[in-house]
Amino acid sequence: MSRIESLTRARTERSRELASKNREKEKMKEAKDARYTNGHLFTTISVSGMTMCYACNKSITAKEALICPTCNVTIHNRCKDTLANCTKVKQKQQKAALLKNSTALQSVSLRSKTTPRERPSSAIYPSDSFRQSLLGSRRGRSSLSLAKSVSTTNIAGHFSDESPLGLRRILSQSTDSLNMRNRALSVESLIDEGAEVIYSELMSDFETDERDFAADSWSLAVDSSFLQQQKKEVMKQQDVIYELIQTELHHVRTLKIMTRLFRTGMLEELQLEPGVVQGLFPCVDELSDIHTRFLSQLLERRRQALCPGSTRNFVIHRLADLLISQFSGPSAERMRKAYSEFCSRHTKALKLYKELYARDKRFQQFIRKVTRSAVLKRHGVQECILLVTQRITKYPVLINRILQHSHGTDEERQDLTTALGLVKELLSNVDQDVHELEKGARLQEIYHRMDPRAQAPVPSKGPFGREELLRRKLIHDGCLLWKTATGRFKDVLMLLMTDVLVFLQEKDQKYIFPALDKPSVVSLQNLIVRDIANQEKGMFLISAAPPEMYEVHTASRDDRSTWVRVIQQSVRVCPSREDFPLIETEDEAYLRRIKMELQQKDKALVELLREKVGLFAEMTHFQVEEDSGGVALPALPRGLFRSESLECPRGERLLQDAIREVEGLKDLLVGPGVELLLTPRDPALLVDPDSGGSTSPGVTANGEARNFNGSIELCRTDSDSSQKDRNGNQLRAPQEEALQRLVNLYGLLHGLQAAVAQQDTLMEARFPEGPERREKLARANSRDGEAGRVGPAPVAPDKQATELALLQRQHALLQEELRRCRRLGEERATEAGNLEARLRESEQARALLEREAEEARRQLAILGQSEPPPAEAPWARRPLDPRRRSLPAGDALYLSFTPPQPSRGHDRLDLSVTIRSVHRPFEDRERQELGSPEERLQDSSDPDTGSEEEGGGRLSPPHSPRDFTRMQDIPEETESRDGEPMVSES
């Protein structure tokens, strides 16, 4: 039993060992399968910290890494899935496929052994032009074994149209098998042939110069014996000039790599869209042309400065002229446009590159293979874009260093200073353009994120939609907190634009105008910005129309200072509402675009005329220099074509100057006494109105004859062609002066043409209102009428179209004038209706006052008949105060009342009252009651008079007709009270 148990136990242990070994083998197989990815057989190794990952180009800091012994690739464990297929496995598969294809073709190979075998490059490479441009020197050597391939041209030459169908099918299968090559393999074979060869072909034009500038500095590039002969200042200056040329050469190399290697490979090998490639490399062709030309000029100047018999030793003494020509004029404008576009799209280009690199494996493989070489390792796409962006910022530093170490002539230093100023101006313009382009792109982004139905009501202006944003320029934007009337804070996006402040609020990933208690569009007209006391982040925005105050808060104190500064600057330069309306209709927008196009055409016309006059003057000066031996003529005034400057001449002054030049030219050609009164009807005979006779155009006032037989004889003909003044100084020849006057006349006439064009555009763009417009229309109509009275003449079709356009424009102007007159008539009719209503009210008030006056006169008449005044002695007669009499109606008393004037010789007031009533019966009755002036006596005991003397105030007329009505009852009570004591006394 023990033996049986031992055997059983041994057998059990044996089975367990086999099971454990099988499990270990399965684990090893699973681990091996897990390491096997994309044809790579990865194994685990331990590496140092200096080993770089092939996939991500980063150092492998972990203790373990993966390596493929087939292709010797070391990567991170996490990067194995991103690695491309193993190249050795691909080559084995490719050789097997080609061997199979060649075996199938051997049965139908009809090519003779004497015929040389050709390489079917069109069937192998998908882009023949790219291979020819980059690998022309290596065309005879193939990277793949094609010894058993067939020439399609030779095969086709041995088969006619009557060949069997089976042979043709075999031929098509063989050629299709060659065309089925993967595009990624084509890229690999391209780069495997050597990036050095590609680079050498790219820089073939500057190969010699690149070797000459391989040293780090000028001191190391020249011979030591030649270096010891130079001064220290010259050595420093030449080092900087050498650095300028060397960095320019490197910059051209970077541009060529971007243009010829990356862009061409992406277009022809990867078959990317042209728009995508243009987004990666914007304006590289323009930049390459600009800097290649500049580098050629620098290298030519270096060759001119070489010492005789040497190819290394040189000293450049003159460089400022090249710098001025490069950074001024058309060249500077080209650089400004190219760098503005490139730098503004720098961020988008890098973002697009990262997206392509992350999602496209073929793109990853292309970039890795290109940058594998040592010469291109530091020239990836991102590095090249960054280098091109930073290049323009290096010029001011280099030129400033050259200027600091220049101790030569003053002219060179002055030119270097000018060049430095031009470079700084160019850099400032590029920065401004980049800022504007970035703000424009930001505005487009905001516009596309806005809700199309979003509108903000503007008081008395209408709705403000998102289309109004595109009319303006975005100056500044940012997120702020808007404090509402309830004390809550709302997150808003504030846009500072040309003439408005716009508040936007984000809702459902779209921008809308916030529906709050205040308008979300604020005009910059008379806008006031104030800081909030005791708050570092708050500020007030006080608007005038409508009068509102906004309280907003920024993220920091610096942001508030920035907002205050930019808002105040925008308020100072805010355009008026006449030039830039708040809300623009479609018709107004169309007219504005037309005006802008007209202004651009005027600028282009002025520029063309300026260039034309300059060429004419240059040609004339060249002819004069040849004839007179180097005598240069003065140039035209600089402000002739400057329409924006204050030196811009007016059309009238230009015309007067042109007439003066014509008269001077006439005096030079035919003499000062000849009157050129030629008419187109009879140019030979001219009648002098003073003498009544005929005068020939060749006879002067002194009777001297002039002959014009195809040439010009000047009025002063001396035996000696040279003329001298009284002091013996040489005078200018008449021919030179005539040519100079001709140049002046030519420039003045073209300047007049430019001024007239600009004036027409200005008058059409800004039509005056009222009589000036009617006068303009009348002048236009009179010109048309005079042109019509000249007589019928054949009119060209383009002229008919022009006249039709003019008539249509005049018709539109007349219609606009008619509408304006109608609006004016409606306003006048409304005013007339208001005046008529006021007139009716005044007539009613006048009738009421007349009725009250009649009633008062009737009461006075009744009172006078019932109570006659008692007879008194002359000494007891007292003068009546104006208040004690029956007062007439309100208007009559107000117009006739004269306050009493104090007399100098008496202590009492002389109450002489003069009453002029508009009612004649009332005035007669008043005279009867008061009596004659001789019978009036002064009453010094009147208490009312005494009170008036004590008061000393002037009597003021009543304020309203109601006061007059209330005062009419006063005289009756006074007379009744005065009558009682009179009766008692009597």
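Any Cβ shown, glycine's included, is placed from N, Cα and C.
Swiss-Prot annotations:
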type	residues	note
REGION	1-30	region 'Disordered'
ZN_FING	39-86	zinc finger
MOD_RES	Ser122	phosphoserine
REGION	131-161	region 'Interaction with DYNLT1'
MOD_RES	Ser133	phosphoserine
MOD_RES	Ser137	phosphoserine
MOD_RES	Ser151	phosphoserine
MOD_RES	Ser163	phosphoserine
MOD_RES	Lys354	N6-acetyllysine
DOMAIN	473-572	domain 'PH'
COILED	591-612	coiled coil
MOD_RES	Ser645	phosphoserine
MOD_RES	Thr679	phosphothreonine
REGION	687-707	region 'Disordered'
MOD_RES	Ser691	phosphoserine
MOD_RES	Ser782	phosphoserine
COILED	798-867	coiled coil
REGION	862-887	region 'Disordered'
MOD_RES	Ser886	phosphoserine
REGION	893-912	region 'Disordered'
MOD_RES	Tyr894	phosphotyrosine
MOD_RES	Ser896	phosphoserine
REGION	920-986	region 'Disordered'
COMPBIAS	920-939	compositional bias 'Basic and acidic residues'
MOD_RES	Thr945	phosphothreonine
MOD_RES	Ser956	phosphoserine
MOD_RES	Ser960	phosphoserine
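Looking only at the region 'Interaction with DYNLT1' (131-161), the predicted model's pLDDT averages out at 38.
With DSSP states grouped into helix (H, G, I), strand (E, B) and coil, the domain 'PH' (473-572) comes out at 16 helix, 46 strand, 38 coil. For Lys354 (N6-acetyllysine), the number of other Cβ atoms no farther than 10 Å from its own Cβ, over all displayed protein chains, is 12. For the region 'Disordered' (1-30), the number of residues in each DSSP class (helix H, G, I; strand E, B; coil) is 29 helix, 0 strand, 1 coil.
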